[in-house]
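Taken from Swiss-Prot as is:
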{"type": "SIGNAL", "residues": "1-22", "note": "signal peptide"}
{"type": "SITE", "residues": "23", "note": "site 'Involved in the interaction surface toward Kv'"}
{"type": "MOTIF", "residues": "24-40", "note": "motif 'Nuclear localization signal'"}
{"type": "SITE", "residues": "24", "note": "site 'Involved in the interaction surface toward Kv'"}
{"type": "DISULFID", "residues": "26-58", "note": "disulfide bond"}
{"type": "DISULFID", "residues": "33-52", "note": "disulfide bond"}
{"type": "DISULFID", "residues": "40-59", "note": "disulfide bond"}
{"type": "MOTIF", "residues": "49-61", "note": "motif 'Nuclear localization signal'"}
{"type": "SITE", "residues": "55", "note": "site 'Involved in the interaction surface toward Kv'"}
{"type": "SITE", "residues": "56", "note": "site 'Involved in the interaction surface toward Kv'"}
């Protein structure tokens, strides 16, 4: 029975992370999601959280250092 619970949880998580739907707002601005600890250079390229996952932020591509 435990195996069924684990299998269901795995399948549920697999369908949640479809790459086609990930971070559309950030990508439309030419950005990419980085961990919040990363510094966006220049600071004007930091778009904030937008639609990135929890504790991540959107920076213009190539600016995450």
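Cβ coordinates come from backbone N, Cα and C, glycine included.
In this structure the alpha carbons, written CA, of residue 56 (site 'Involved in the interaction surface toward Kv') and residue 23 (site 'Involved in the interaction surface toward Kv') are 11 Å apart.
Candidates 24, 26, 40, 58 (recorded positions) were compared with residue 52 (disulfide bond); those inside 10 Å Cα-Cα are 24, 26, 58. Of all the recorded positions given, namely 33, 40, 55, 59, those whose Cα is no farther than the 10 Å limit from the Cα of residue 26 (disulfide bond) are 33, 59. If you check the recorded positions 23, 24, 58 against residue 40 (disulfide bond), the ones with a Cα inside 10 Å of its Cα are 58. Residue 33 (disulfide bond) is 5 Å away from residue 58 (disulfide bond) when you measure Cα to Cα.
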